[in-house]
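**Student:** Positions annotated as transmembrane segment by TrEMBL: 21-41, 53-75, 101-123, 143-163, 175-194, 214-232, 244-267, 287-307, 339-358, 364-388, 400-422, 428-448.
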Amino acid sequence: MMKGHDSNVQIDTDKVQMKREMGLVSATSVVIGSVIGAGIFITPKGVLQNTGSIGLCLLVWLLAGVSALGSALCYSELGTTIQKSGGGYTYIKKGLGNHMAFVYALQAVVRGPGSLVVMLLTFAKYMVVIFPTCGRPLLLEKLIAVTALFSLVIINTYSSRLASRVTVITTIGKTSALVVIIIGGIVSLCQGVTSELGTGFSGSSDDPTSIALALYSAIFATGGGANLNSIVEEIRNPGKNLPRAAIFGILLVIVVYILTNVSYLAVMTKSELLSADAVAFVFGERVLGSYATLIPLAVMVSTFGSANNNILSGTRVTFSAARDGNLPDFFSYIHVHHLTPLGAMTVTTAVALIYIAPAEVGQLISFLGFVMAFFNGCIYFSLIRFRLQTMKDVKRIIKIPLVIPILMVLLNLYLFIAPLVIKPRLEYVYVATGLFGGSLVLYVHFIYRRWSLPGYDKFVTWFQLVFQVCPPAQFME
């Protein structure tokens, strides 16, 4: 029996913890569902625009796939060695200390909803394609995105098992859609339709910053496999199921993504792809004719499922950081009946609503890629430290070659430095300064000195009573 912030509120939290309800199929679906989402339907434009040629474009996609596989291998070792929810937050805390973990948690609160909004706005954009209206229905797109957001929050609040079932169903739908695109591309190639595939590397960009921006887009589309580590406490037999799901899921995605891009480029010219807001729909019109509407429907299923995965895994990072005291403690509160992290979902929803109002998808993707390059590098560097220093004697279920995390650190170091040093862009300088400078001020005042805002305890008591939540057992031992 434990107390909330109000001493008169008695809550039994002995059994208030999340359950291990995910098997291998559900875990693999989380990986595939997290990776295959908005990215493959919107980022081909950004990759081609920044590379300048068909050959370099496909090479960047291949490099992004190899990066995703390297990430999956690193996370498989991390997740089986440290079987605690929180993903990158947990690994950075153990590897680099509490201050860096706080910075990661803070950016996760800001960045995670940004990824979610990219998926929701893509969902809305393709829905509007099915039901065309006059002019640019930006307000309609935003209203659709908000409706989808609240629908997903309700699903994830009601049951983690229900959310994982949505993941499985939408994964089947989105994979089927990409198979249709791939088959359409293969048929077109067999008929001699190659568009500009034969131009190879003609017109390739040699600007390192442009290549970095292209990689942001491709890595955004191939990222998400690490989300599985954020929910490791909810996976049955994680020592076996986590690495199997991660590696199998990423390998499947790499093959599907390369073939999908070849299909796009076989049917559409460079100028057509660069001018298309909904790339998959234009492809569908060319290949499927009157059945082209099936493509945006499939994209909607895909992005809805990916948004669901984002909430399912992203809120666990916030939950873990709050449970450790690196975010306001009510962020970690769990619904007393459904045993889901409603506190974390509440803050994710609030930040997502802020993003939806002015959001521009392309700018969001570049911002997300820049920020994540730094923290991904920190995560892989933590793995190197575990192997060589702090956890070198720990028995590991999986032990990957050390060269893999070293190469991953170097790749992410390039992605972070290029926009700052090689060809400075002020917006990235502002983001870096604001993130690290602001986090230092907040850490000193609210974590180190333990300041509390006036009325905070009363607000938390109100939050507990209204939303029927309480601290998790692990948080108040």
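For all residues, glycine too, the Cβ spot is worked out from N, Cα and C.
Curation does not apply to TrEMBL; its annotations are automatic.
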**Student:** Mind checking which residues reach the transmembrane segment (287-307)? Cβ under 8 Å, same chain, six or more beyond either end.
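**Tutor:** Residues 33-34, 36-38, 41, 116, 119-120, 122-123, 126-127, 129-130, 148-149, 152, 166-167, 169-171, 173-174, 176-177, 180-181, 184-185, 187-188, 224, 267, 278, 280-281 contact the transmembrane segment (287-307) from elsewhere in the chain.
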**Student:** What residues in the same chain, six or more past the boundaries of the transmembrane segment (364-388), come closer than 8 Å to it by Cβ-Cβ distance?
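**Tutor:** Same-chain residues near the transmembrane segment (364-388) but 6 or more away: 43, 46, 71, 74, 77-78, 81, 88, 91-92, 94-96, 100, 104, 107, 111, 114-115, 117-118, 213, 215-217, 219-220, 223, 355, 394, 402, 405-406, 408-409, 412-413, 415-416, 419, 427-428, 431-432, 435.
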**Student:** Do the transmembrane segment (400-422) and the transmembrane segment (143-163) come close, with at least three CB pairs under 8 A (pairs 6 or more apart in sequence)?
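**Tutor:** The transmembrane segment (143-163) and the transmembrane segment (400-422): touching, no.
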**Student:** Taking contact to mean three or more C-beta pairs under 8 angstroms, with sequence separation of 6 or more, is the transmembrane segment (244-267) in contact with the transmembrane segment (21-41)?
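**Tutor:** These two segments touch.
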**Student:** Does the transmembrane segment (428-448) reach the transmembrane segment (101-123) with at least 3 CB pairs under 8 A, where each pair is 6 or more residues apart?
**Tutor:** yes
**Student:** Against which stretches of its own chain does the transmembrane segment (21-41) lie, if we need a Cβ under 8 Å and a gap of at least six residues from its ends?
**Tutor:** 68, 72, 118-119, 122-123, 126, 160-161, 164, 167-168, 170-171, 174-175, 178, 217, 220-225, 227-228, 231, 234-236, 240-242, 244-246, 248-250, 252-253, 256-257, 260, 278-280, 299, 302-303, 305-310, 312-313
